[in-house]
């Protein structure tokens, strides 16, 4: 039986592959991520943790990415499915990264009495790191979309942009790791005073594991692209499946076993929502506001009238004083001491 790769020259620039890709491996990981997608989707609805849609997206992107990869292994000369497959696989870990940030942020809010770490509230910390993750997502997406171009200069530029994006991602992962260690230290102290009602260590250790697995994958990608496109590491499919696909599968699997819904239970397990005022409350507030405006208008009008009355009184007093002085002033022909007003 003829091997499908025998008739393909992988040194040809028109072939998007640097090696003969494995169809069974792609199918296997597509199936694994599909099962993880189903598991996390079920846990999303059962636990009612709305933020868990983020890790569902990570699993979905991996599933689609490896499904397209499996299809492209049977169409080795077609670049069409390779580009979206590559983008989905290299960007999906950022969904997982954001999910890790969200989990620890809610742990800080749920378990720590002061609901903050390093003096910053749990909600602000989560928002900050998620925004940084989105920034890394945009940078990596820009670079990744350029890696499949025909122009070598464009491909080289895309490689450096992508490396900058994952370097940026890893820098903030390390900062976040320090935040997780700080939370761990504070929880050890809190536990001696008032033991929490729910276990926190299994979920925190899962956060640690997720950060480590993402870091392994980032280091692999940095090494792969820093050596150039045509290198032994970039031509090793085994390295790709072990250091990229498997690390993400294990991380997503761990968060299914130690799901946040098992450990974050109760009203404080989610960040408080901004309450919307009812129509009756809004009308009452509008009435109060209108009343305050009316009172201010009346007060200003009264003050204005008082000022006008005071001014008129001063003018009247000045006129009276002027007339009095005129009456007391002697005429030119009057005798000394004679008052002109009494002649």
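Don't overthink the numbers, they just go from 1 along the chain as shown.
Cβ coordinates come from backbone N, Cα and C, glycine included.
Unlike curated records, TrEMBL annotations are generated automatically.
Marked as compositional bias 'Basic and acidic residues' by TrEMBL: 282-292.
Per TrEMBL, the feature compositional bias 'Basic residues' maps to 293-302.
Residues annotated as region 'Disordered' in TrEMBL: 269-343.
Per TrEMBL, transmembrane segment is recorded for 16-39 (among others). Counting residues 6+ beyond its ends, the transmembrane segment (16-39) has Cβ neighbours under 8 Å at 3-5, 8, 10, 56, 59-60, 62-63, 66-67, 69-70, 72-74, 76, 78-79, 82, 148, 229-230, 234-237, 241, 245, 249, 252-253, 256 in the same chain.
The transmembrane segment annotation in TrEMBL covers 51-71 (among others).
Look at TrEMBL and you will find 83-104 (among others) tagged as transmembrane segment. Among residues of the same chain six or more beyond the transmembrane segment (83-104), those with a C-beta under 8 A of the stretch's C-beta atoms are 51-52, 54-55, 57-58, 61-62, 64-66, 68-69, 72, 126, 129-130, 133-134, 136-137, 140-141, 144-145, 147-148, 162, 169, 173, 176, 179-180, 183, 203-204, 207, 210-211, 214, 217, 221, 244-245, 248, 251-252, 255, 260.
Sequence annotations record features per position, and here TrEMBL assigns transmembrane segment to 125-148 (among others). If one looks beyond the transmembrane segment (125-148) by at least 6 residues along the same chain, the residues whose Cβ comes under 8 Å of a Cβ in the stretch are 16, 79, 82-83, 86-87, 90-91, 94, 97-98, 101-102, 104-106, 108, 116-118, 154-155, 157-166, 168-169, 172, 176, 179, 271.
Residues or ranges marked as transmembrane segment by TrEMBL: 160-181 (among others). Here the transmembrane segment (160-181) has long-range neighbours at 90, 94, 97, 100-101, 104, 117-118, 125, 129, 132-133, 135-144, 146-147, 204, 207-208, 211, 214-215, 218-219, 221-222, 225-226, meaning same-chain residues at least 6 beyond its ends whose C-beta is under 8 angstroms from one of its own.
Summarising the annotation, TrEMBL assigns transmembrane segment to 202-220 (among others). Same-chain residues lying 6 or more positions outside the transmembrane segment (202-220) and placing a CB less than 8 Å from one of its CB atoms are 93, 96-97, 100, 103-104, 107, 166, 169-170, 173, 176-177, 180, 183-184, 187, 239, 243-244, 247-248, 250-251, 254-255, 257-258, 260, 262-264.
Positions annotated as transmembrane segment by TrEMBL: 240-258 (among others). Residues 25, 29, 32-33, 36, 39-40, 43, 55, 58-59, 62, 66, 89, 92-93, 96, 99, 103, 202-203, 205-206, 209-210, 213-214, 216-217, 220-221 of the same chain sit 6 or more residues outside the transmembrane segment (240-258) yet have a Cβ under 8 Å from a Cβ within it.
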